[in-house]
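According to TrEMBL, the features are:
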type: COILED; residues: 14-41; note: coiled coil
type: TRANSMEM; residues: 48-65; note: transmembrane segment
type: TRANSMEM; residues: 92-111; note: transmembrane segment
type: DOMAIN; residues: 203-259; note: domain 'Lunapark zinc ribbon'
Amino acid sequence: MGLFRFFGHRDLDVDTIEKELKTLSDKHQIIQDKIAELKKVKISITRFIFLFVAVSHILWILYLVKIHENKQVSQGSLMNFMSNLDRSKTTYLFAVPFGAYITVFILNYLVDTWIRSHQISLRRLQQKRSSIIKDLKDKTNYDATDGLLRKYERPTTIDDGKRSTEIMLKPLSIITQTTSASKQKPTSIESRTRIPQDNQKTFQDRILDLIIGSDHNESVESRYALICEKCFVHNGLAPPGCSDPATVKFICRRCGFLNGSQHAKDKLDEELAFSDHHIDAKVDEAASLKISN
């Protein structure tokens, strides 16, 4: 191509290509700024002309009304006002708005033509820049080289190695998390229903403690919830001052199960112990299989 004579050499001049692309980018930005400025000028001119004509026309009409002899507002006053105007004033009354519209139309047409010429220059610069980049890719065989690198390049970075290690260790991490969660299980259902207690008391709370006692002044937020061990239905709150809801005996309002008995506590402890033993056996089996592999 005769346009890109610097591509005729066997060794590409990278500095020349970079300078050419930078020049095109600068011209592209300058033209974009000019287009934005012309659009602002177009809007400003239109607003100024219409506002100036409207205000001056209204003032002129008010002046004519003021000097008119018939100042009374009655039926037919508009016709009397129009009939008393001479030909020149009547022509001016209708010609000024029409002339303002024609003026704005012509100015907008000229500005739009100027903007379109800049847009054509902008498209030419974009095409020229795209041609330079495309020709540079063809000369350097960029697409084929990039495809080979993406296809055969191995993950040699530290991040890729960490990612592969995390994928390999993910099953063992899941087993370890399951074991930790099972060992942290509470020994009773009521221990999970504990609501955090705020130990900070205000001056009013301390006065009430002295008058009616601290047990009766205990807030609802600091008391235990009574949950049925069989159907898990909420059965109200534990009495004030209760420190262990497992000792509170109550009959479930839904299933009629007697909660707080020693038999129910022993049964729950046996179920949790069996669950922990079963999970530990599964973990040991998975670890032995991992080691054998």
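Note that Cβ sites are derived from N, Cα and C of the backbone, with glycine treated the same way.
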Using a Cβ-Cβ cut-off of under 8 Å, list the residues of the same chain that are 6+ residues beyond the ends of the transmembrane segment (92-111) and lie near it.
38, 41-42, 45-46, 49-50, 53, 56-57, 60-61, 85
For the coiled coil (14-41), the distant same-chain contacts (Cβ-Cβ under 8 Å, at least six residues beyond its ends) come to 6, 111, 114-115, 118-119, 121-122, 125-126, 128-129, 132-133, 136
